[in-house]
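Dropping the structure in here first, questions after.
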């Protein structure tokens with residue numbers, strides 16, 4: 001939540017005295033009013049070609065400019081139906097609508113509210129796009145739709161569940177098609193008029209994925225509690241909180257059955273009583289649906305601010321420490337077994353060179369732990385802690401390629417870790433040969449989509465640093481996706497500026513890191529790519545692992561995976577949400593997959609993987625997505641394609657033309 | 001047809017000696033051969049990571065560079081299935097495919113042929129796009145599909161019609177989805193392997209709309225005639241001619257049941273015996289599917305070459321002349337009636353001012369004919385001819401705004417028409433006041449989509465030049481559209497260069513004038529906008545015509561029309577074909593609507609109206625298209641939107657941002 005409190009407005013269906021209405025609403029602590037622009041006193045001429053001398057509404061002098069630009073949401077006359085079947089009516093209403101829109105532009109109101117009353121809105125979409133095209137300052141368009149379409153029930157005797165679903169589905173279609181006609185313009189939002197009965201959870205969730213700018217609460221859906229104050233049903237309370245969490249404002253509308261202040265006070269209380277924010281939620285405040293290009297820590301060097309943010313994670317390094325503790329403990333166990341075995345063999349073979357042998361085998365060889373990509377040292381710290389906890393002697397080698405971070409590491413070795421065995425080795429882990437080899441390598445090279453910061457390539461390149469049967473922390477990671485609907489993310493990706501304006505296709509062929517808020521999950525998460533370390537090499541026909549020119553196992557980090565889902569609800573697919581999880585060691589995990597998210601961990605936002613043209617999908621459809629991870633000598637990139645029944649998208653990012661990770 | 005003859009190739013399934021094959025084929029008059037690239041002697045290793053010392057095929061020294069670049073279509077090894085379920089097979093085949101493609105690039109063969117064997121081709125599409133992205137010189141990709149999928153019939157006992165349709169549909173889907181995955185790339189064409197039995201006409205027509213580069217005729221579909229020569233069935237003959245007319249080449253393939261020369265001789269004869277070209281067909285030769293931006297004769301002045309082309313039309317001015325003849329005849333009839341009436345009234349009212357009256361009423365007042373937009377005079381000529389034919393005295397006023405054309409007109413008045421009453425008036429017909437007023441105005445201001453060169457605005461502006469109840473030739477015109485499938489036109493529009501490279505959206509929001517060849521009509525033509533002249537003015541609530549500041553009737557040339565179609569076949573919609581027809585006078589018509597096309601008229605090619613994202617449509621779907629004609633003080637433009645069931649395109653060309661006609 002960016003706002004600390006609910007922002008509420010009050011709707012007036014008639015404002016004979018607009019000044020008085022604004023005063024009343026502000027006095028009752030409402031932030032704005034929703035009001036028709038046309039003064040009821042002004043009857044408009046039958047024919048638009050004569051301008052009435054009296055103008056068509058009140059003078060704009062009666063409110064201050066600040067009030068117009070801050071306090072007024074202008075509602076277009078609800079009787080205007082520019083998609084009416086009669087061409088005469090249509091043309092007349094077009095003229096009036098145009099007149100009202102131009103008036104709104106002149107007044108500088110922050111938003112114009114327009115109601116959809118049927119599925120026919122193409123002409124409305126056309127007029128509004130012309131309005132936006134010809135405006136210097138874009139006005140927000142608030143498209144008002146009821147949650148429930150009574151009309152679809154008109155012919156049915158009763159409210160069977162089935163029919164109700166149709167009625168709730170209907171109005172979503174009005175909005176969704178209209179928004180599609182507007183090319184998912186992000187200046188166009190929806191205002192949802194809440195009904196007394198609520199639809200199924202699935203339908204509510206779908207609405208939560210739409211850019212809902214406000215919800216209208218008619219006073220008749222409140223009931224009075226014992227003390228006579230207006231309150232909402234539990235289901236309605238939940239809906240309001242979910243909506244406000246996604247930045248929706250609330251508009252109270254309809255006949256006043258109670259003091260108008262009471263509604264607002266109730267809503268404020270409702271908001272204050274909501275469950276506390278999760279750490280991630282607090283951390284992400286202000287970053288909701290804000291797209292960032294993924295980091296390229298291999299090609300670029302991270303800056304100090306980025307390190308600052310990542311080192312703050314309260315959970316991540318804890319998990320690493322636990323994993324290192326377990327790994328050290330297991331090593332100790334193994335070594336002591338080995339030790340016992342050695343001793344036993346010595347005994348059975350009768351003593352040879354006694355005296356020397358005993359003292360040597362009892363002296364502990366320190367465990368060599370290499371921290372690959374040590375940054376400013378958080379994993380060195382975790383290793384030192386783990387060593388203390390397990391009472392292990394460790395020799396730590398911290399490899400880091402970023403000279404800026406090496407400075408910090410070296411300073412810490414001098415000042416903090418002077419009594420410990422920590423060595424800093426500057427350089428790229430892929431092109432290094434160190435001795436002794438490591439018992440354990442520890443790294444944190446994962447991006448939001450697991451391998452997208454090239455962890456596989458880095459760790460494969462560092463294989464020669466690890467003893468045979470050595471331990472890699474992490475040892476396994478997997479990327480995940482699920483198809484989502486989010487016009488907001490899609491529109492944001494479309495117009496995002498990537499510098500090179502020539503390459504228009506770039507934007508929708510790129511992975512974006514983003515804390516997603518305004519999205520709807522069309523289906524559950526599925527695995528995409530899996531990697532494990534040390535990686536298994538490619539085997540030849542005789543079953544032997546093949547080696548490269550440096551004698552390292554030949555690995556193949558290219559991948560191709562096809563994932564599919566059955567769709568359970570009509571929807572519009574705009575792309576995928578991408579996540580990862582990772583096994584550090586044993587059962588110590590890190591996860592940003594929603595269902596298994598490591599509690600409290602804040603280091604990674606998910607990724608948004610857009611598709612070029614949103615796909616309309618229907619209940620029962622099968623979505624089939626294929627992802628490729630491609631590798632050449634210089635870079636790594638993803639390509640993807642989506643098929644829905646017999647339809648398909650184009651191939652995204654062929655040959656990495658729009659986005660790539662440099663090796 | 002651009003070529004004078006059929007271009008035929010010969011397929012070899014094995015070429016142990018490629019040199020000999022080329023010689024044999026050329027000697028038999030074939031233009032090229034289709035051959036696998038991989039020499040059968042070279043067995044490829046199980047694992048791709050070892051390069052066999054012997055290379056993987058023959059040396060390229062055995063053919064001349066000219067032969068490689070002109071005579072060889074390289075067929076990729078048919079057993080390569082890069083979309084195989086097994087990842088191991090997939091990777092190995094990817095490697096081989098890559099190897100063969102690079103070899104093709106190295107040899108510079110003009111086309112690479114690849115077979116589709118199932119509906120799973122996304123990985124193939126990915127690899128080929130990478131290949132194209134990384135090539136400096138694009139290779140044509142010939143995608144080979146059978147016309148008929150035997151596999152779909154495997155489980156059915158018999159060949160019921162229904163099942164057959166499925167089998168014929170199946171392979172179209174393979175191709176169509178693959179082409180969609182390739183984003184309808186125009187370097188990717190289809191090669192259709194003709195089956196012994198042919199599908200329904202509807203399915204053949206759909207194939208004619210695809211970019212068929214070649215058809216493969218297996219020798220087993222020929223049968224021997226009485227003399228023992230190979231011939232085709234009537235249906236096959238027709239198919240071959242239709243395909244070759246659309247620039248497809250023919251490949252003879254399979255076991256040689258007859259001398260290989262006989263097949264070619266038969267095909268040549270077949271082509272020579274085809275029906276003669278229509279005048280339009282001859283005229284359009286070389287312009288097939290070539291996109292042009294529509295003329296703007298109002299904003300720009302036409303050049304002498306354009307006049308040259310348009311004046312050559314053998315039909316158009318004939319029709320005009322017929323129309324003027326009828327109009328003059330009707331005027332004579334009306335005038336003589338009037339004359340008689342006048343005389344009768346004179347007689348009944350007893351004679352007043354005798355002597356003068358008689359001689360005046362007998363002397364013929366000349367009929368005033370204004371040619372508006374006279375160009376270099378073809379309509380003046382038609383009017384002079386019509387006057388002679390009806391023995392009418394005419395006074396011709398030729399209005400022309402193009403100074404270049406005025407020069408030619410004035411010269412003709414001096415030199416050719418010196419004994420006739422022809423006056424040239426330079427200037428814009430919309431801002432003129434001439435006297436006497438015209439009995440007839442004749443104009444030719446129509447574009448390929450009727451009003452798209454602003455005829456309505458010009459003629460409305462010239463209303464004051466016409467007598468009340470005067471005649472306008474033309475008196476009525478209508479634009480038409482039908483939805484079409486044409487990946488070729490769509491791909492051409494997408495990459496067409498409109499100068500302003502910033503505005504990527506321009507291309508697919510513009511009308512294109514084009515002689516369409518490679519397209520398939522999804523449904524029949526329907527009316528869009530209608531105009532008539534003199535235009536009826538807008539009436540006020542009392543039923544009186546409203547007037548503008550010049551005292552001319554206020555007209556409204558904005559239009560909005562929704563057209564819909566029921567789809568009878570699965571297909572992909574890429575846009576619309578647009579046409580017009582026009583009533584000159586009485587029943588004299590001009591039409592470029594296919595079903596009523598004026599025979600022999602060549603002045604107009606149709607328009608192609610693209611949609612931004614091709615829509616996949618299914619049998620039973622309803623296509624609903626809405627077109628707007630928008631007008632402001634400076635310009636006129638079209639906007640359009642398409643809805644298919646619950647799906648919709650975006651609005652095209654909002655506010656005329658991409659294309660407009662200047663007033």
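Any Cβ shown, glycine's included, is placed from N, Cα and C.
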Check TrEMBL for me: it has B:307, B:316, B:317, B:428, B:429 binding S-adenosyl-L-methionine, so pick out which one of B:388, B:393, B:400 it puts in that same site.
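S-adenosyl-L-methionine site check in TrEMBL: besides B:307, B:316, B:317, B:428, B:429, the record includes B:400 out of B:388, B:393, B:400.
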Do you know offhand how many angstrom separate residue B:307 (S-adenosyl-L-methionine binding site) and residue B:444 (active site, proton donor/acceptor) by C-alpha?
12
If you skip the near sequence neighbours and keep only those at least six away, which residues in the chain come within under 8 angstroms of residue B:317 (S-adenosyl-L-methionine binding site), Cβ to Cβ?
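Result: B:311, B:378, B:379, B:381, B:382.
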For the recorded positions B:428, B:453, which one has its C-beta crowded by the most other C-beta atoms within 10 angstroms?
B:453
Can you tell me whether DSSP puts residue B:307 (S-adenosyl-L-methionine binding site) in helix, strand or coil?
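Reduced to three states, the DSSP call for residue B:307 (S-adenosyl-L-methionine binding site) is helix.
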Give the three-state DSSP assignment (helix, strand or coil) for residue B:429 (S-adenosyl-L-methionine binding site).
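The residue in question, residue B:429 (S-adenosyl-L-methionine binding site), is helix (DSSP, three-state).
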Roughly how many angstrom lie between the C-alpha atoms of residue B:453 (active site, proton donor/acceptor) and residue B:428 (S-adenosyl-L-methionine binding site)?
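One finds 15 Å between the Cα atoms of these residues.
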Taking only the residues in the domain 'PRMT5 oligomerisation' (B:476-660), give me the average pLDDT of this model.
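A mean pLDDT of 90 is what the model gives the domain 'PRMT5 oligomerisation' (B:476-660).
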Expressed to the nearest Å, what is the distance separating residue B:428 (S-adenosyl-L-methionine binding site) and residue B:444 (active site, proton donor/acceptor) at their Cα atoms?
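With distance taken Cα to Cα, residue B:444 (active site, proton donor/acceptor) is 14 Å from residue B:428 (S-adenosyl-L-methionine binding site).
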Including all protein chains displayed, how many Cβ atoms other than that of residue B:310 (site 'Critical for specifying symmetric addition of methyl groups') lie within 10 Å of its Cβ?
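Cβ-Cβ neighbours of residue B:310 (site 'Critical for specifying symmetric addition of methyl groups') within 10 Å number 19.
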Under a criterion of Cβ-Cβ distance under 8 Å and sequence separation of at least 6, what residues of the same chain contact residue B:429 (S-adenosyl-L-methionine binding site)?
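Same-chain residues close to residue B:429 (S-adenosyl-L-methionine binding site) (Cβ under 8 Å, separated by 6 or more) are B:372, B:373, B:399, B:401, B:458, B:461, B:462, B:465.
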